[in-house]
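What TrEMBL says about this protein:
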TRANSMEM  15-37  transmembrane segment
TRANSMEM  197-217  transmembrane segment
TRANSMEM  243-268  transmembrane segment
TRANSMEM  302-326  transmembrane segment
TRANSMEM  333-352  transmembrane segment
TRANSMEM  358-379  transmembrane segment
TRANSMEM  391-412  transmembrane segment
Amino acid sequence: MILKHELLKIFKTPVIIVLLLFFMIVNLFIIMSNFYYKDEMAVLTDLVDQYGHQVDEEMLHQFEDNYKEKVMWMNQIVPVNGKVYDHPSALLSDNSVSLNQELSNHQLRELQEFYVVEQYYRTSKNLDERYQNIQVNNQAEKVIHTYGFHGNAAETVRNQYEKIGERLAEIVENEEHRHLFFMGSLYEMHSFLFKDMGRAIIFELIILVVLITAFMMNYEFEQRTHLITYTSKTGRKLIKNKVVAAIIANMSVMAILIGVTLICYFFVYDYSGLWNVPISSYFNTESNFPYISWWNLSFIEYLGLFVVCIVLAQLLFMILTVVLSIFIKNSYIVFFIFAIILGIGIWMPSIISLDQNMIFAIHFTPFTLILNPHIWFMGNGAFTFFAYYELVTVGVWIVILGIFMSLSTYFFKRQSLQ
């Protein structure tokens, strides 16, 4: 009964409901910002339906035969005599051909789709060659030069990239890279989902979690009923119910916001047949250096870990808010102080020397963890490329904040209510 009463305090708070609805609308706008890629991306779905997502010799043979047939069709509809094109890109880049005037809308659309197919075809044919040209040592030196590492920090980068190189060799051996996925160089869907959408969800949830927790912890003090409530039979033990209620309320809000956002995302962008594609697929690559997960994770497994990591990070922020609320009896001041702590946590690494390993240690905080969700569980980036970075960060801070919350609760039971 007490728990139900505590939960009703939150879900009857208009600001929480309004913010939740507002954030869902914001996320919908973000999702729709890539809508113009939808038709092109559907080409991959057709390819996967036809060949499957694994790029092996049998698949390449079938792909090549069908591609050549499509090239013949393309040359038949070309309105210029005496010209033969090997690829649709050659035809589309030929300014002497007025395709808009000579081809029907259906033919032009089919030609544009064939151009997308060409990108997958050429990449599929050259996968092994592309991986042979990846120089992990050069990437390490590039990272060192870009960020200005030197001394012990530079050696740590080199040593870590040696491990990344070993993982890359394992990816090639397991053929994790040989699976069709949305072309990262064209659509950057990995960054769109896990970076753009991920960051939006994370910071939206931070606002909601801090406000929900602060409101719940300080409700009696703000309503000036604390002298009655905390001198009742339950008394100061009520704080335990409040923490449990905060967990339930925050988990509910997280489930709603994350769930609705992802449902809308996957309703707009069709990932049919791609759920079991390794996240380290070369097609997912968005730069000269591919995404390298520390373990053989499928897209759906990576998505699951991504959601779990978001939830755990938010629970850490909830615990921090509980601690602040015990000492500060105004919800909005708690929110303001939390924002300052978050800002300091994000800013701190920028003042650490780049010649000592402390620069890496300072990144093992929930404040820096949330900044690059698109490279969680991966050997990419410059500061958080350790295999167990996420696990260590969450585990250590659960212990630290758990101790602070226990001490704060002990203090609350003995502090004056005036």
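From the backbone N, Cα and C atoms, a Cβ is placed for every residue, glycine too.
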Contact call for the transmembrane segment (333-352) and the transmembrane segment (197-217): at least 3 Cβ pairs under 8 Å, seq gap 6+: yes
Segment proximity, the transmembrane segment (302-326) to the transmembrane segment (197-217), 3 or more C-beta pairs under 8 Å: yes
Close approaches to the transmembrane segment (302-326) from elsewhere in its chain (Cβ under 8 angstroms; 6 or more beyond its ends): 194, 198, 201-202, 205-206, 209-210, 213-214, 217-218, 239, 243, 246-247, 250-251, 254, 258, 262, 279, 293, 334, 337-338, 341, 366, 369-370, 373, 376-377, 390, 394, 397-398, 401-402, 404-405, 408-409, 411-412
Residues of the parent chain within Cβ reach of the transmembrane segment (391-412), under 8 Å, 6 or more residues beyond its termini: 236, 239-240, 243, 309, 312-313, 316, 319-320, 322-323, 326-327, 364-366, 369
